[in-house]
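Novice: Got a structure for you, written out below as structure tokens; questions coming shortly.
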Amino acid sequence: MSQPVVLKSNPHGINLILDDRIPFQELLDEILHKFKESDKFFKNARIALSFEGRELSQEEELAIVDLISRNTSIDVVCILDNNSLRDEICARKIQEFDESQSGRTGEFYKGTLRSGQVIECKTSIVVLGDVNPGAKIIAKGNIVVLGSLRGNAYAGAAGDEHTFVAALDMDPVQIKIGNVIGRSSDRGPLSAIKNRRKTLEPQVAVVMDDSILIEPITSGLLMNI
Amino acid sequence: MSEVIVITSGKGGVGKTTTTANVGTGLAQLNKKVVLIDTDIGLRNLDVVMGLENRIVYNLVDVVEGNCRIKQALIKDKKYPNLFLLPSAQTRDKTSVTPEQMQKLVEELREEFDYILLDCPAGIEQGFKNAIAGADRALVVTTPEVSAIRDADRIIGLLEANEIKKIELIVNRLRMDMVKRGDMMSIEDVHEILAIDLIGAVPDDEQIVISTNQGEPLVGSDSLAGQAYLNICKRIMGEEVPLLDLESKNGVWSKFVSLFKKN
């Protein structure tokens, strides 16, 4: 490393990139030197400090903060943990957890979704109400509509084709599961309303042989999804 | 206690202005003090339907911009001294007024009037936002056509999102002969999709076209549409007028007729 200490600004404050080979006392002198150099620039600034390039003990971190506050007008508000590897692992774990849970956990939405309204959900969703034409539900998991599904439903939005869409009254404009899409038959909108089934029968849509299959809900079917 | 009611639909040409004119006139017939506000800035026509175009001096935008006092802009109806119109401006556009200004205007009018009816423009943009800003209650007008119903559904969603609690439906231009043949949606079909309270159904009636062209609302007249509008007015005031019995073998028409005979 050409310079033992480098100051780098970030949205929260300053990132200190430190050499991990020189002795700590020497490092402190270098830090002091750097801050003194730019003291006018930082005048009375309130910053968050983060460290990079060298593992520091808590005492060492405090020593650096103490040094800065005693010798400059900078107010160090806090020390930020700057470990990009840890951040990355955390983010990945959270994402993995979300994905593993998308088919298992769910949310409820109470009310009717009207034309133009969209719900997006990272898990499965149960709608207590109707989904009208022009409305849309997008879920990473399954979709259950306790009412009439007359709009668009998109289950397994992350690509999972083992999800399903179920509704008490299944009359959707479009259903998409994973990457498979199905649409309603080409009858006109009036006949769709006039010819709706007189007796309501709960139905479920699943993917079978790369197409959307809609069937009445039976106990045998429930075991298979 | 005054009530501010917006008449809206989303789609154009379904009868918002005709409904505003007739409901407003009907409420005036029932001895309420009523003001109609045309919020369709740039496409003014409530004044034409009311037959008051020749009396316009000041308009809504003049009031909002402080060019005149509210009293100066209000036009008294030809027949009913307790009915007033605040006309829209024809040479401006929707951006001339803000929702906050509308709210303020409506609050001022509340002190004077029992009912303030806002005739909303078609669409969901600025004009719609202005019209619903000060409203307590909404009448959503639709015809039994799929396109009008789709738009009405969208409008209901937006009204709900704006926390207008009382939203009621008027099904306009119903043709029972077509409904019977299965060529038109019935009130029941419409109601099933929109799922809000029905406050009235108005049959398709050529008398409406005639009265509109004459600039005299037909509410309360012998015509079926006239009776239907008067029933809506009574229901707005909280009176229990039976809704049309759709299950009866006689059908809607004879129900209309029988209601008319009772009166």
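Placement of Cβ uses the backbone N, Cα and C atoms for every residue, glycine included.
TrEMBL feature annotations, pasted as is:
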DOMAIN    B:3-158  domain 'AAA'
BINDING   B:LYS11, B:GLY12, B:GLY13, B:VAL14, B:GLY15, B:LYS16, B:THR17, B:THR18  ATP binding site
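Could you place the listed features in the three-dimensional structure?
Specialist: Around B:THR17 (ATP binding site), the same-chain residues at least 6 positions away in sequence with a Cβ under 8 Å from its Cβ are B:ASP38, B:ASP40, B:ASN45, B:LEU46, B:VAL49, B:ASP119.
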Novice: Given a 10 Å Cβ-Cβ cut-off, pick out the one of the binding-site residues B:LYS11, B:LYS16 that has the most other Cβ atoms nearby.
Specialist: B:LYS16
Novice: Taking the Cβ of B:GLY13 (ATP binding site) as centre, how many other Cβ atoms lie within 10 Å?
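Specialist: Here the count is 10.
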Novice: Starting from the ATP site formed by B:LYS11, B:GLY12, B:GLY13, B:VAL14, B:GLY15, B:LYS16, B:THR17, B:THR18, give every other residue of that chain whose CB sits within 8 Å of the mean position of their CB atoms, in sequence order.
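Specialist: Here the non-site neighbours turn out to be B:SER9, B:THR19, B:ALA122, B:VAL141, B:ASN172.
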Novice: What is the Cβ neighbour count of B:GLY15 (ATP binding site) at a 10 Å cut-off, with all protein chains included?
Specialist: 22
Novice: Any idea what DSSP makes of B:THR17 (ATP binding site), helix, strand or coil?
Specialist: helix
Novice: Other than its own, how many Cβ atoms are within 10 Å of the Cβ belonging to B:THR18 (ATP binding site)?
Specialist: 25
